[in-house]
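Colleague: One structure is given below, represented as structure tokens, and several questions about it will come after.
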């Protein structure tokens with residue numbers, strides 16, 4: 001099984017951007033965590049990050065066209081992007097929404113997700129370990 005782990009705007013700056021909120025883990029560390037977890041689980045993973053909404057939409061179309069499960073941290077797009085929602089809604093394989101911080105303990109606008117109601121599941125506020133949990137669930141569900 002192959003899984004796409006898709007990360008939205010500013011996640012490439014992990015470890016530099018608001019470490020009090022997102023922790024000191026760098027984006028490279030996140031990629032290593034996902035790749036290591038995938039290896040342990042015997043699945044293939046491709047981790048991507050973009051600051052460009054159209055690129056994210058294209059990746060979601062790719063997942064939809066190839067029946068690939070997705071771990072999606074759409075970051076700020078979670079809270080306002082109808083385009084990302086519409087693309088994500090075309091993914092028929094499981095789609096897990098992940099957020100590093102607990103968005104419900106932050107600014108009010110972050111509590112609204114355009115994705116949660118179309119996601120298979122949501123992992124919020126467990127740091128980067130949420131990605132590993134999402135991958136583990138996907139691997140167990142595919143058995």
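Glycine residues also receive a Cβ, built from the backbone N, Cα and C atoms like all the rest.
In case it's useful when we look at the structure, here is the feature table from Swiss-Prot:
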ACT_SITE  22  active site, proton acceptor
ACT_SITE  99  active site, proton donor
BINDING   73, 79, 86, 100, 101, 110  substrate binding site
SITE      17  site 'Transition state stabilizer'
Colleague: Which state, by DSSP, holds residue 79 (substrate binding site): helix, strand or coil?
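Modeller: Looking at the DSSP assignment, residue 79 (substrate binding site) belongs to a helix.
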Colleague: What is the one among the recorded positions 17, 79, 99 whose Cβ has the most other Cβ atoms less than or equal to 10 Å away?
Modeller: 99
Colleague: When a 10 Å sphere is centred on the Cβ of residue 86 (substrate binding site), how many other Cβ atoms does it contain?
Modeller: 13
Colleague: Looking at the recorded positions 79, 99, 100, whose Cα is closest in space to that of residue 17 (site 'Transition state stabilizer')?
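Modeller: The smallest Cα gap between residue 17 (site 'Transition state stabilizer') and any of the recorded positions is with 100.
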Colleague: Based on Cα coordinates, which of the following binding-site residues are within 10 Å of residue 99 (active site, proton donor): 73, 79, 86?
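Modeller: Candidates kept after distance check: 73.
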Colleague: Indicate the candidate from 73, 101 with the smallest number of other Cβ atoms within 10 Å of its Cβ, considering only these binding-site residues.
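Modeller: With the binding-site residues 73, 101, fewest surrounding Cβ atoms within 10 Å: 101.
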Colleague: Secondary structure at residue 86 (substrate binding site) (DSSP, helix/strand/coil)?
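Modeller: Helix, per DSSP.
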Colleague: Any idea what DSSP makes of residue 73 (substrate binding site), helix, strand or coil?
Modeller: strand
Colleague: Once the chains shown are all counted, how many other Cβ atoms turn up within 10 Å of the Cβ of residue 100 (substrate binding site)?
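Modeller: Result for residue 100 (substrate binding site): 24 neighbouring Cβ atoms inside 10 Å.
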